[in-house]
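For reference, the structure is listed below as structure tokens.
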Amino acid sequence: MVIQKEKKSCGQVVEEWKEFVWNPRTHQFMGRTGTSWAFILLFYLVFYGFLTAMFTLTMWVMLQTVSEHTPKYQDRLATPGLMIRPKTENLDVIVNVSDTESWDQHVQKLNKFLEPYNDSIQAQKNDVCRPGRYYEQPDNGVLNYPKRACQFNRTQLGNCSGIGDPTHYGYSTGQPCVFIKMNRVINFYAGANQSMNVTCAGKRDEDAENLGNFVMFPANGNIDLMYFPYYGKKFHVNYTQPLVAVKFLNVTPNVEVNVECRINAANIATDDERDKFAGRVAFKLRINKT
């Protein structure tokens, strides 16, 4: 014979919950006395306090082994990569000459990007250095901080400087300037005491034909040794990366051209197929004209 359990009324359930929360007979709150709750809270306070202290101690010990100026491990950044400006999502530089809005965003980005290179700012913050040699600033047992940086003046970019330029870096006339910059790598040396230079070309034969002529600023795409080595963001507070500007003069209109630019230096490998940005950068250039 099945014995049916008597169903509690709503009032009984409420009373049981009220008694669980606070039992006036035993003076228990949610099943525990005040003393029991005090011991529980004290235990967790000590437990989590100990964990926090252990975490803080281990972090402090670890930070004593790390320099705040130079990363401890840099082997993954042995070869600097190249990037272009104006910065676009897919490295596509598309210009519709007759459509101002299509290239005005590029012009605004370049204005902002080149602002730190203004000659007046460079003269105020950085040094005039001797070209053709590394600008080394060793500590010699005493922290040499901050490091000084060499001037890279905007006027060195010639017709791509954008100074008093009614063509807006050439974008309004279909002769755009694209800027090549080398990513910063701490304590990087070009090797063989020879200046580096950037070269650009079409990736395929048809790209080379459609690319046409171009000029580089500084001349021959040179990057002088005096801008190296780089000592890090905290050491080299006012460091400005050297740039190479490429002005494309007569790209075949309405055709997508694949361009690849490489940095040429004694110890930079540009043929690593696993890293498409090691010492090189590829981008697409299209000049639309109606």
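Every residue gets a Cβ built from N, Cα and C, even glycine.
Cβ neighbours within 10 Å of Asn96 (N-linked glycosylation site), excluding its own Cβ and spanning all shown chains: 16. Sequence annotations record features per position, and here Swiss-Prot assigns N-linked glycosylation site to Asn96 (among others) based on sequence analysis.
In the three-state DSSP scheme, Asn118 (N-linked glycosylation site) falls into the coil class. If you look up Swiss-Prot, you'll see Asn118 (among others) marked as N-linked glycosylation site.
Counting Cβ atoms from all protein chains shown, Asn153 (N-linked glycosylation site) has 17 others lying within 10 Å of its own Cβ. Secondary structure at Asn153 (N-linked glycosylation site), taken from DSSP and collapsed to helix, strand or coil, is coil. Under the heading N-linked glycosylation site, Swiss-Prot lists Asn153 (among others), citing sequence analysis as support.
DSSP assigns Asn159 (N-linked glycosylation site) to a helix. Sequence-distant neighbours of Asn159 (N-linked glycosylation site) (same chain, 6+ residues apart, CB-CB distance under 8 A): Asp165, Gly170, Cys177, Val215, Phe217, Lys247. Annotated N-linked glycosylation site per Swiss-Prot: Asn159 (among others), in sequence order, evidence recorded as sequence analysis.
According to Swiss-Prot, the feature N-linked glycosylation site maps to Asn193 (among others).
A C-beta separation below 8 Å, combined with a sequence spacing of at least six in one chain, links Asn197 (N-linked glycosylation site) to Asn220, Gly221, Asn222, Ile223, Val244, Ile263, Asn264. The N-linked glycosylation site feature in Swiss-Prot is assigned to Asn197 (among others); the stated evidence is sequence analysis.
There are 16 other CB atoms within 10 A of the CB of Asn238 (N-linked glycosylation site), with all protein chains counted. Swiss-Prot lists Asn238 (among others) with the feature N-linked glycosylation site.
Per Swiss-Prot, region 'immunoglobulin-like' is recorded for 193-290, and the stated evidence type is similarity to another entry. In the region 'immunoglobulin-like' (193-290), helix, strand and coil residues by DSSP number 13 helix, 38 strand, 47 coil.
Taken from Swiss-Prot, the feature topological domain 'Cytoplasmic' applies to 1-39, supported by sequence analysis. As a whole-number mean, the pLDDT of the topological domain 'Cytoplasmic' (1-39) in this prediction is 74.
Positions annotated as topological domain 'Extracellular' by Swiss-Prot, on the basis of sequence analysis: 68-290.
If you look up Swiss-Prot, you'll see 40-67 marked as transmembrane segment, on the strength of sequence analysis.
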Within-chain partners of the transmembrane segment (40-67) [C-beta distance under 8 Å, separation at least 6 from its ends]: 32
Helix-strand-coil residue split for the topological domain 'Cytoplasmic' (1-39), DSSP-based: 18 helix, 5 strand, 16 coil
Set of same-chain residues at least 6 away whose C-beta sits under 8 angstroms from Asn118 (N-linked glycosylation site): Arg154
